[in-house]
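In what follows, a structure is listed as structure tokens, so that the remarks can point back to it.
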Amino acid sequence: GSIPCGESCVWIPCISSVVGCACKNKVCYKN
């Protein structure tokens, strides 16, 4: 939840979720 993954999730889910990123405030974050 603190490290930006450089991906947005406004229209599509986080592709980076495969490496532990999750959507938060329309941006993908890790931890």
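Here the Cβ of each residue, glycine as well, is placed from N, Cα and C on the backbone.
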| Can you tell which of C9, C21 is bonded to C23 by a disulfide, based on Swiss-Prot? | C9
| task | Have a look at Swiss-Prot and say which candidate in C14, C21 forms the disulphide with C5. | result | C21
| note | Across the disulfide-bonded residues (C23, C28), the Cβ with the fewest other Cβ atoms inside 10 Å is that of C23
| message | Applying a 10 Å Cβ distance cut-off over all chains shown, what neighbour count does C5 (disulfide bond) have? | response | 19
| message | Return only the integer: C-alpha distance in Å from C14 (disulfide bond) to C5 (disulfide bond). | response | 9
| Do you know which of the disulfide-bonded residues C9, C14, C21 has the most other C-beta atoms within 10 angstroms of its C-beta? | C21
| task | Could you round the CA separation between C5 (disulfide bond) and C28 (disulfide bond) to a whole angstrom and send it over? | result | 5
